[in-house]
Amino acid sequence: MSSDRQPSLLTQRKFLPYFVTQFFGAFNDNIFKNVLLLFVAFAGSSALPISSNLFINLAAGLFILPFFLFSASAGVLADKYEKSWFIRKVKLFEIAIMLLGAVGFITESYGVLLLLLFLMGTQSAFFGPVKYALLPQELNAKELVPGNALVEAGTFIAILIGTLGAGIIASADNAKYLAAFCVVLFALLGYLSSRSIPFAAASAPELKFRWRPYQQTKHTLAIAKSDRIVFQCIMAISWFWFLGAAYLTQFPNFTKVYLNGTESAVSFLLALFSVGIALGSLACNWISNHRIEVGIVPIGALGITIFGYLMATSVPTELPEFANFIEFVRFEPFWPLFFYLLMIGASGGLFIVPLYALMQHRAKETERAQVIAGLNIFNSLFMVGSAILGIICLSVVEMSIPQLFALLAVLNFLVAAYIFLQIPIFVVRFAMWMLTHTIYRVKHKNLHNLPEHGGALIVCNHVSYMDALLLSAVCPRLIRFVMEEDYANLPPLRRFLRRAGVIPISASNRSSIRRAFNDVEEALNEGHIVCIF
């Protein structure tokens, strides 16, 4: 098995300890949060400092608030310090929180546990930037997609197992003692695995850190916006989390009201969604041939829209009462809905993995963690926006949940279309991917002669108008083409081609030739590959 295949990464020291650490982090987050919410849901009113409904909503807000407050600082620190050392410090902080959490569970101190939920959010906010900034530093370009695929698959499986495990813990005898033991145990396991993460040098040790949250956040967002392609990747990833938060929030009521399901049925839908994302993430490596292939992003976006709309419109109108979970699963009219939900998740995996890989690959090494910190800020903002949309649609407009799901499918189509128009390379690569996997059979050799980084000039013969598309299809890097000005300025295509990085030239106009050569020189100096036919 070649070294760039997914399974081999799990046998390498540069990846396995990191993967185990981030898996336990996501797993323990969900164990702690969901056990607490289940304890609150079934606690007597006298045991709570506030009403259970207020407590649950406050808990959701307190967990997400640190991502607004501390992400920028976390990005600066992750770029400034050696990354394996920084991860270990964050994991030690998690152990301290979980020790206090264990005391809170045993003594049923819900006010303390609410504060600790805020601290867990803080720990996650500091872990996020270094988690994703470490990948492109330790993995080569061919390993970046399988690495991200494994991380995304692992994250959603950890969320699923953590959520299901919380239910088992909360319903056990001596639940508070079991919860206390588990959260400390998993925090310790995460720290122990982090001790095996190899040395990862600081990206920007000269950075000055000052505790100025507002100024740092403003600066971090400016860094995130400085590269147009990186920023559009951030917007697209945040949109996925918007959709994911909307679906996950509505699953309980959707299952209870529209499917006559119980808590087990809710867990089953969550499992389908999470497993779908994991499968889609892992499939990215195979579909993209072990490289960053943004051409499959539109496939994922289209799948989310199509299967999202089909799921919204496939809810049966007449339902029996289900005696148990087995009857629920065996009810055949539900089977298309189950399949559509699985495919929404799989499409989401195809959508986000190339975006994460492209964002990491294009971000400057000295600013990579700060770019990811900016992503976390936008993710949090979009998830809050998702909650607001749900409140407006369901409470103000009084839509049904299936109607909300249909609206999300339509919105996804519009948002994806806007992003792809802003960054045409997604559409171009999609067209090339479709051509080379349907109509044309393309063979290539000696691609290793193309540098992985830095500028390069490709000079080749021009046989047909398909040459540019086919050349782009086999090249692992994005290519800027020099094109005859008359074609580059055609009204329907001009804006699209300019956004795709085409350099226009006119053989009969000296000023156009000089301008084109200057543009070629500038592109090469900026590290692009330029092709002249």
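All residue numbers here begin at 1 and follow the chain in the order shown.
Just so you know, glycine gets a Cβ as well, placed from its N, Cα and C.
Taken together, the residues in the domain 'Phospholipid/glycerol acyltransferase' (456-533) have a mean pLDDT of 82 on the 0 to 100 scale. The feature domain 'Phospholipid/glycerol acyltransferase' is assigned by TrEMBL to 456-533.
Residues or ranges marked as transmembrane segment in TrEMBL: 31-48 (among others).
The transmembrane segment annotation in TrEMBL covers 54-78 (among others). Sequence-remote contacts of a segment are chain residues at least 6 beyond its ends whose Cβ falls under 8 Å from one of its Cβ atoms, and for the transmembrane segment (54-78) they are 33, 36-37, 40-41, 48, 86, 110, 114, 117-118, 120-122, 124-130, 133, 207, 209, 211, 213, 216-217, 219-220, 369-374, 376-377, 379-381, 383-384.
If you look up TrEMBL, you'll see 90-107 (among others) marked as transmembrane segment.
The annotation transmembrane segment is assigned in TrEMBL to 147-169 (among others).
According to TrEMBL, the transmembrane segment annotation covers 175-192 (among others). Sequence-distant contacts of the transmembrane segment (175-192) (same chain, six or more residues past either end, CB-CB distance under 8 Å): 20-21, 24-25, 27-28, 31-32, 35, 39, 88, 91-92, 94-95, 97-99, 101-103, 105-106, 108, 165, 169.
What TrEMBL lists as transmembrane segment is 229-248 (among others). Residues 270, 273, 297, 304, 308, 344, 348, 351-352, 355-356, 358-359, 362-363, 371, 374-375, 378-379, 381-383, 385-387, 389-390, 404-405, 408, 412, 415-416, 419, 422-423, 425 of the same chain sit 6 or more residues outside the transmembrane segment (229-248) yet have a Cβ under 8 Å from a Cβ within it.
Sequence-distant neighbours of the transmembrane segment (268-287) (same chain, 6+ residues past either end, Cβ-Cβ under 8 Å): 5-6, 145-146, 148-150, 152-154, 156-157, 159-160, 163-164, 247-248, 251, 254-255, 261, 293, 296, 300, 325, 328-329, 338, 341-354. As annotated by TrEMBL, transmembrane segment applies to 268-287 (among others).
The feature transmembrane segment is assigned by TrEMBL to 294-312 (among others).
Taken from TrEMBL, the feature transmembrane segment applies to 337-359 (among others). For the transmembrane segment (337-359), same-chain residues at least 6 beyond its ends with a Cβ under 8 Å from one of its own Cβ atoms are 132, 144-145, 148-149, 152-153, 156, 229-230, 233-234, 236-237, 240, 243-244, 247, 259, 269, 272-284, 287-288, 292-294, 296-297, 299-304, 307-308, 310-311, 314-315, 371-372, 375.
Same-chain neighbours of the transmembrane segment (371-397): 64, 67-68, 71-72, 74-76, 78, 125, 128-129, 131-133, 217, 220-221, 223-225, 230, 234-235, 237-239, 241-243, 245-246, 249-250, 359-360, 363-364, 403-404, 407, counting only residues six or more beyond its ends whose CB sits under 8 Å from a CB of the stretch. If you look up TrEMBL, you'll see 371-397 (among others) marked as transmembrane segment.
TrEMBL lists 403-435 (among others) with the feature transmembrane segment.
Residues 236, 243, 280, 284, 287-288, 336-337, 340-341, 343-344, 346-352, 354-355, 358, 402-403, 405-406, 408-410, 412-413, 416, 420, 425-434 of the same chain, all 6+ positions outside the transmembrane segment (294-312), place their C-beta atoms under 8 angstroms from a C-beta of that stretch.
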